[in-house]
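*Asks:* According to Swiss-Prot, the protein has these features:
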- 18-93: DNA-binding region (DNA_BIND)
- 21-41: zinc finger (ZN_FING)
- T48: phosphothreonine (MOD_RES)
- 57-81: zinc finger (ZN_FING)
- 119-358: domain 'NR LBD' (DOMAIN)
Amino acid sequence: MTATLTLETMTSEEEYGPRNCVVCGDRATGYHFHALTCEGCKGFFRRTVSKTIGPICPFAGRCEVSKAQRRHCPACRLQKCLNVGMRKDMILSAEALALRRARQARRRAQKASLQLSQQQKELIQTLLGAHTRHVGPMFDQFVQFRPPAYLFSHHRPFQPLAPVLPLLTHFADINTFMVQQIIKFTKDLPLFRSLTMEDQISLLKGAAVEILHISLNTTFCLQTQNFFCGPLCYKMEDAVHVGFQYEFLELIIHFHKTLKRLQLQEPEYALMAAMALFSPDRPGVTQREEIDQLQEEVALILNNHIMEQQSRLQSRFLYAKLMGLLAELRSINSAYSYEIHRIQGLSAMMPLLGEICS
């Protein structure tokens with residue numbers, strides 16, 4: 001049981017004014033050993049009450065115990081401590097006190113280890129810079145790729161009789177463009193460029209679709225469950241019109257709703273993308289140990305970043321939730337590859353994405 005309850009847990013001084021030590025009248029700092037006392041009387045009681053032979057008063061126990069006189073008679077001061085309710089059984093033994101201090105030291109060390117180092121902060125800035133240059137602004141550029149006119153209306157009724165080819169062509173163009181931007185993002189990362197070209201290709205083929213959906217989440221609206229990319233609005237019905245199955249789209253929407261509720265900002269999206277990128281278990285990877293170390297480093301940075309941003313990132317177990325969503329993306333990745341090759345003509349219209357999904 002802890003010996004001290006600080007004033008933060010007491011009634012505020014602003015409301016009731018300062019509190020005084022019930023032993024000597026000095027300003028109290030908290031409840032110590034079951035009584036409201038100052039630091040001086042707290043320390044005195046701890047030191048004195050555990051002694052085998054207690055102090056003796058030469059004046060028959062009639063000494064005044066005040067802030068000015070408290071040092072004059074230890075016996076009367078100790079007796080007053082006991083009279084006001086201070087309890088010997090609440091004093092930790094030397095062994096228990098040492099254990100508590102050791103626990104406190106470990107907590108301080110753990111807290112220090114969770115703080116981002118300068119090198120880790122620089123890596124976040126590198127990731128964030130590449131993400132801001134190549135991924136963040138790409139959705140506003142979808143308007144360049146011949147969108148059907150009805151995509152411009154955010155409150156449009158769906159038009160099931162609209163020709164599918166213009167929408168299919170637009171879909172192929174924006175997906176190819178997104179993959180190109182993701183490639184630029186990865187090539188802007190020195191850690192990624194340090195790998196062999198073969199492993200770079202393997203990692204990109206494995207992670208491109210996952211990074212695409214992590215990034216696309218920034219455009220997702222929880223209320224409407226639509227994606228707003230610049231002046232364009234994409235609904236689930238558009239993907240159905242192109243040929244995607246409802247079961248697959250339900251996976252997509254569930255992922256985006258779950259991730260959007262976590263209220264991430266660009267640094268967290270960039271770190272999550274890096275986690276997906278540096279996955280050592282992708283097919284064709286040869287430098288598995290090196291890539292595993294890179295992913296561990298990014299994971300540590302993500303966890304430490306979350307700890308540093310606790311006041312903003314209120315979600316409990318956020319790191320664990322993000323790891324779960326990355327695992328969910330693996331299933332989406334596999335299902336997406338199947339859909340791309342199932343929809344007639346789509347793979348041929350976007351050979352780059354077709355190669356990635358092969």
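Each Cβ is built from the backbone N, Cα and C atoms, and glycine gets one as well.
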*Asks:* List the residues of the same chain that sit at least 6 positions away from the residue listed as 'phosphothreonine' in sequence and have their Cβ under 8 Å from its Cβ, in sequence order, or write 'none'.
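*Replies:* Non-local contacts for the residue listed as 'phosphothreonine': G54, P55, P74, R77, L78.
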*Asks:* If you run through the zinc finger (21-41) with DSSP, how many residues end up as helix, strand and coil?
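*Replies:* Summed over the zinc finger (21-41), the classes give 3 helix, 7 strand, 11 coil.
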*Asks:* Summarise the zinc finger (57-81) by DSSP state, stating how many residues are helix, strand and coil.
*Replies:* 8 helix, 0 strand, 17 coil
*Asks:* Considering every residue in the DNA-binding region (18-93), what is the mean pLDDT value?
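*Replies:* Average per-residue pLDDT within the DNA-binding region (18-93): 90.
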*Asks:* For the DNA-binding region (18-93), how many residues does DSSP put in helix, in strand and in coil?
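*Replies:* Its residues fall into 24 helix, 8 strand, 44 coil.
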